[in-house]
Amino acid sequence: RVCFAIPLPICH
């Protein structure tokens, strides 16, 4: 699982 917070927090 990869999570990013730019610009919104999204996890795949």
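For all residues, glycine too, the Cβ spot is worked out from N, Cα and C.
Per Swiss-Prot, disulfide bond is recorded for CYS3-CYS11. In three-state terms derived from DSSP, CYS11 (disulfide bond) belongs to an extended strand segment.
For HIS12 (histidine amide), the same-chain residues lying six or more positions away in sequence with a CB closer than 8 A to its CB are ARG1, VAL2, CYS3. Residues annotated as histidine amide in Swiss-Prot: HIS12.
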